[in-house]
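Asks: Encoded as structure tokens, here's the structure I'll be asking about.
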Amino acid sequence: MSETFESQSSCSSDCGSCSANCSSRQPSKEDFLVPLNPYSKVKKVIGIVSGKGGVGKSFITSYLSVLMNRKGYNTGILDADITGPSIPKAFGIHSKAAGNELGILPAVTKNGIKVMSVNLLLETEDTPVIWRGPVIAGTVKQFWSEVLWEDVDYMFVDMPPGTGDVPLTVFQSLPVDGLIIVTSPQELVSMIVSKAVNMANAMDIPILGLIENYSYIKCGNCGEKISVFGTSHIDEIANKYDLPVLGKVPIDPAIAAAIDGEKVEELKGEWLDLAAETIEIVHKVRENTSVSEKISAADEKAATIKIAVTVDENNDVFQHFGKSDKFNLYEIRGEELISKTTLNSNGSGHSELVTLLTDQKVNVLICGGIGMGAMEGLMDAGILVVPGAKGDADVVTAAYLDGSLAESTEPNCDHHDHNEEACSSECKCHE
Ligand SMILES: Nc1ncnc2c1ncn2[C@@H]1O[C@H](COP(=O)(O)OP(=O)(O)OP(=O)(O)O)[C@@H](O)[C@H]1O
């Protein structure tokens, strides 16, 4: 029986009455997807990509999964960087993969993150993987279809670096919900990020944002940020593609010590908090308490709230409330954004700003640092305050609406130069 006959006979339509030209049919995105292990359920797949190797993509993948695990989500890592697998070491995993009749069993980290990597299959960890592209891509597909992942909320895929054939096959084979592009300042950032963005667009996969690793070094004595690789262009490129910058990670010996010491789960640092929040908001897998529940259950649909956010010229949350000269004003009805406008002030002190916000009938203020005097003024005026917010104002507002950022009655001293020490008794924030 010829191949042509077989394929025609598998068509259930009556070809005699069909005008479609089957040979010219373009395959859809779904045609390339590999089925997931039938005993597993993965809610969201986040791909971590870089234009080239060596930018710390594996660290970013590991630490993002640690942050999502800390938020209480079932988290997995599929290490698709087959020729440079570094995920198991970061978690101190040296076991070999076992299996049962339902599939290959992933390794499980101390805190419960599931990991599958080629290192779990190699005889020794230093065995090089000298495989051709199709074999590498086939291995990644097997990690998806044959590993018994069971229930995973967020699966992070440490993608092979670059934009060649292997990453392309991986992109096509897995149902990736969103991508994060990792870069470093010394790269030809514009060109390399552009390639990754174009690839994602061609594959019709949304990009959540950019993360710059090795962004700067912080001086241990004075706290000054030193850009060792020269001026970063990450903000320009993010503007060009209208993408948020989800994190700028410094070169920090604590990071190297945690990764090389196989203790990434013990690492503490807020560098990727915004990225984790963005994943949580954009690819929501559980229902959070929404702000509309907080206002009024009775007229939830009709209620309009006005949120003011202190902003700088980059639309990031400005960190000193009393010196804010610009606010974003978001008007929200029910779950819907009705308007977003800019409110200018002369930044002349917190009591004038409280009056300005009261006149605008603002219900909620989201800001960075704020002292006790201003807090009291706002609370007296019936304005709820969300202090200590950082990053893009739109993302932060979405986080508040989603219930992931909460109001507080405590001041926040980020607006003072404490060199990251705790607020001292000389600080006037609490007066
Ligand atoms: N921000 C950082 N500060 C200090 N050390 C870092 C930082 N990011 C990564 N490192 C260290 O650099 C080394 C390489 O990191 P990682 O394994 O994530 O990247 P890679 O494998 O070289 O690159 P990629 O994953 O992009 O191919 C590791 O030892 C890690 O601890």
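The backbone N, Cα and C atoms fix where each Cβ goes, and this holds for glycine too.
Here's the feature list from TrEMBL:
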- Gly51, Lys52, Gly53, Gly54, Val55, Gly56, Lys57, Ser58: ATP binding site (BINDING)
- 314-400: domain 'Dinitrogenase iron-molybdenum cofactor biosynthesis' (DOMAIN)
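Mind mapping these onto the model and telling me what they sit next to?
Replies: Secondary structure at Lys52 (ATP binding site), as computed by DSSP, is coil.
Residues of the domain 'Dinitrogenase iron-molybdenum cofactor biosynthesis' (314-400) grouped by DSSP class, helix first, strand second and coil last, total 30 helix, 29 strand, 28 coil.
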Asks: Neighbours of the ATP site Gly51, Lys52, Gly53, Gly54, Val55, Gly56, Lys57, Ser58: Cβ within 8 Å of the Cβ centroid, same chain, sequence order.
Replies: Ser50, Pro161, Val182, Ser184, Asn213
Asks: Taking the Cβ of Ser58 (ATP binding site) as the centre, count every other Cβ atom within 10 Å, in any protein chain shown.
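Replies: So the number of other Cβ atoms within 10 Å of Ser58 (ATP binding site) is 26.
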Asks: Among Gly51, Gly54, all listed as binding-site residues, which has the most CB atoms within 10 Å of its CB?
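Replies: That would be Gly51, with the most Cβ atoms nearby.
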Asks: Which binding-site residues from the set Gly51, Lys52, Gly53, Val55, Gly56 have a C-beta atom lying less than 6 Å away from ligand 1?
Replies: Gly53, Val55, Gly56
Asks: Per DSSP, to which secondary structure element type does Lys57 (ATP binding site) belong, with helix, strand and coil as the options?
Replies: helix
Asks: Least buried of the binding-site residues Gly53, Gly56, going by other Cβ atoms within 10 Å?
Replies: Gly53
